[in-house]
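**Student:** One structure is given below, represented as structure tokens, and several questions about it will come after.
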Amino acid sequence: MSSLIQTLPKAELHIHIEGSLEPEMMFTLAQRNGIELPYASVAEIQAAYQFENLQSFLDLYYAGAQVLQTEQDFYDLTWAYLQKCAAQTVRHTEIFFDPQTHTDRGLPFEIVCNGITAALQAGREQLNVSSHLILCFLRHLSADDAMATLEQALPYQDRIIGVGLDSSELGHPPSKFQAVFDRARAEGFLTVAHAGEEGPPEYIWEALKLLKVSRIDHGVRCVEDPALVDYLGEHQIPLTVCPLSNVKLCVFDTMADHNLKTLLDQGLCVTVNSDDPAYFGGYLNENFEAIQTALALTDADLTQLAQNSFRAAFLSAADQQRLAIG
Ligand code: ADE
Ligand code: ZN
């Protein structure tokens, strides 16, 4: 691993905490909670992680999340990820969680939220990792379901900085959630949304214009609309790009085909992120390493990407500066 990648202070802005569930922990939690897994070994799980598209990944990701049952499970999951952050010089992280994945199978919202936020607090105190929490609505479920989830989150607003939109993109445009996002913003939440991962540039426009998001998660299909690229550059709307994810989910055939460097060279506020590190082959530094090698990124590119991650974070200018200096 290049020493610059290792030592650069970085922020991560696109990580689904359920996507940091490593196969070893999946086994431990399954055993702890008396759940039978359809796999006999860690190697068998790893062998199953061959995806053709987003949906083929999501099917395994939602199945894996079933082993999470108790507040301690959510704590352990989050703590393991924060230890990775500390080891990789990730000074700040903005974590997504998918409450509907858990409340739909009968877990109380409170269990999920308490476990994650207790670990985040311990991470601040014991690991010096700064963090925020973002609630993502599952877009394959209804807007009414999302609205009910938002209402469940209101008592926890001091611990949740924003809301986002994830899960199956195609057929579920941002416009479906306009009223939910209007309400979320009125309640004081910041907003982000996955758009332009598999979906067309129109979904990115909808996220910007209808959901009024501060950042676009993925957004790599913006290149198909030059006016959109201009807009993203002019307004410096951050894109939280996830290179290993994009190749694993066949958004790009190989890492050498990835458009991250093109977008960076066009002056867009591109950031690097891991998305679901336990499923896609690496945490933040492994994503940096993969693009540095495949796209011949310079030290100046790497430094720019790290700087962008703090500029795009939901932090005051003073905190951005403090954390970026490390
Ligand atoms: N949930 C977890 N990872 C995701 C991704 N890459 N796209 C959409 N939803 C997700
Ligand atoms: Zn994602």
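Using N, Cα and C of the backbone, Cβ positions are placed for all residues, glycine too.
Unlike curated entries, TrEMBL annotations are predicted automatically.
Pasting the relevant annotations from TrEMBL:
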DOMAIN    9-323  domain 'Adenosine deaminase'
BINDING   H14, H16, H194, D275  Zn(2+) binding site
ACT_SITE  E197  active site, proton donor
SITE      H218  site 'Important for catalytic activity'
BINDING   D276  substrate binding site
**Student:** Quick one: which of the recorded positions (H14, H16, H194, H218, D275, D276) have their CB closer than 6 Å to ligand 1?
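**Tutor:** Only H16, H194, D275, D276 meet the Cβ criterion.
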**Student:** Got a sec? Which of H218, D275, D276, the recorded positions, have CB under 6 Å of any ligand 2 atom?
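**Tutor:** Passing the 6 Å Cβ check against ligand 2: D275.
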**Student:** Just give me the nearest neighbour of D276 (substrate binding site) among the recorded positions H14, H16, H218, Cα to Cα.
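**Tutor:** The smallest Cα gap between D276 (substrate binding site) and any of the recorded positions is with H16.
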**Student:** Distance check, please: Cα of the residue listed as 'active site, proton donor' against Cα of D275 (Zn(2+) binding site), rounded to an integer number of angstrom.
**Tutor:** 12
**Student:** Where H16 (Zn(2+) binding site) and H218 (site 'Important for catalytic activity') are concerned, what is their Cα separation in Å, rounded?
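**Tutor:** Just about 13 Å between their Cα atoms.
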**Student:** Let me know how many other Cβ atoms fall within 10 Å of the Cβ of the residue listed as 'active site, proton donor'.
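**Tutor:** Cβ-Cβ neighbours of the residue listed as 'active site, proton donor' within 10 Å number 24.
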**Student:** If you average the pLDDT over the domain 'Adenosine deaminase' (9-323), what number do you get?
**Tutor:** 98
**Student:** Relative to the Cβ of D275 (Zn(2+) binding site), which residues of the same chain, six or more apart in sequence, are found under 8 Å away?
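**Tutor:** The list for D275 (Zn(2+) binding site) reads H14, I15, H16, G19, C242, L244, S245, given in order along the sequence.
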**Student:** Return only the integer: C-alpha distance in Å from H218 (site 'Important for catalytic activity') to H194 (Zn(2+) binding site).
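**Tutor:** Each residue's Cα considered, H218 (site 'Important for catalytic activity') and H194 (Zn(2+) binding site) end up 6 Å apart.
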